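Read the structure below first, then the notes.
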Amino acid sequence: MMKPLLEARQICKQFSGVAVLKGIDFTLGAGQVHALMGGNGAGKSTLMKIIAGVETPDSGELTIGERAFARLNPALAHQLGIYLVPQEPMLFPNLSVRENILFRLPKRADTAARLQDKLQQLNCQINLDASASTLEVADQQMVEILRGLMREARILILDEPTASLTPGETERLFSQIRALQALDVGIVFISHKLPEIRQLASHISVMRDGAVVLSGETAAYRDEQLINAMTPVSRDHALSDTQKLWLSLPGNRRTQPQDFPVLRVEDLTGEGFIDLNLEIRAGEIVGLAGLVGSGRTEFAETLYGLRTPRAGRIWLENREISCDSTRGRLASGLVYLPEDRQVSGLFLDAPVRWNTVMFNQPSWWQQGKREAAVVERYHRALGIKLADGDQPVRTLSGGNQQKVLLARCLEANPLLLIVDEPTRGVDVSARADIYQLLKSVAAQNVAVLMISSDVDEFVGLADRVLVMHQGRYSGELARQAVTVDRMMTLAFGGQA
């Protein structure tokens, strides 16, 4: 048997006295794709950060090739050929794509040629001279992967790499992963998507509560076994009565929808989209599908006031808000959950309690009790895993960070809730909770506009789906007509 590229033995780690890794063993072979699954807070990202030298273990040993280490640092990890592509791309927004890829990379005469080779291998059309701040999340992910490839990574860690990629981009990434396998690169593939895991990974490990509870060849396990290993208790995917009680929105909700739409958009044109019209009524969930670059996020950001439209008008409950500031639109009940929670959504070093109520701050003498009550409400309703409300958001897992952001949006008393990739980085067992949460919100006469790259999410959830292609609507599907094939056909500019 070939010597493994990587062996982690009895890795332990605590944060604030809470054990997040409990004696983890993990092995990666040359040319192997080893999938890593687990619920939010299971410890997947922490384990990978330890392997990449970003975090320091409390105990345990890492063996890379023939060398054993008690701990690594990022520079040493890079020297050893380890590269972590994080769940949230970490780019320098004011630098170009080329500068981001080559940052701190030793200069070589063949650097430009090597970079062009990598771009061709990825079949990547990204503009190297563009500013990183202009990139969609999918392109940011590609930049991170290119960083690793340019550093001759022998161990590549991909943390939810397809979370915001379209099917075409995902397949292109998979082709590159297979090419890397042929070069004996070992790949750790963290994902919640079982079809992708079965397509790529020969081996799988499942983590729960900081421990590896299942590990072996992927083909040896059924989907039900893998899901049950993550969530041992059978879950009813409908929200419990207790959860529904805790999710009752603040403020005065209308008991009956009005005879006019909550949102009305006429001939709206802006950066990335042209002449869009839209009406959403109270209690309706409208899906907005399309490929990355189709203009969905730009449209949502314009509705919220983050971008200035070139033409068109916007009404919220029959009051024109076209010229209102973002703050004014928020005060009127238009609430937006952004695509990238770490860059545009959360204050990572601030505590959970402050992040949750920041849209709806109480008077200072009420603040402590109010924040504690709000954190408790959403801790119960959404199952947010945290030690207490003073815990910095940065220390939470990606899925729990997303739940904090959702809690903030709900606490802002929305009339219209726009959610951009709401289940990005959220595990299999928690996705159903978010779907039911959106249904519960809509049942309280809130209008919901949902953007997602995972078109499967719209089936059975959206009342109707609008599909965008190159900045325009390519079609609209009623609830009974919503299928993955029809949405993808429209997304590529075809006729459903």
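The backbone N, Cα and C atoms fix where each Cβ goes, glycine too.
According to Swiss-Prot, the protein carries these features:
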BINDING   GLY38, GLY39, ASN40, GLY41, ALA42, GLY43, LYS44, SER45  ATP binding site
DOMAIN    6-234  domain 'ABC transporter 1'
DOMAIN    255-495  domain 'ABC transporter 2'
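Highest Cβ count within 10 Å among the binding-site residues GLY39, LYS44: LYS44. Taken together, the residues in the domain 'ABC transporter 1' (6-234) have a mean pLDDT of 88 on the 0 to 100 scale.
Local packing around the binding-site residues GLY38, GLY41, GLY43 was summarised as the count of other Cβ atoms within 10 Å of each Cβ; on this measure the leading residue is GLY38.
Secondary structure at GLY41 (ATP binding site), taken from DSSP and collapsed to helix, strand or coil, is coil. With a 10 A radius on its CB, ALA42 (ATP binding site) counts 26 other CB atoms from all the protein chains.
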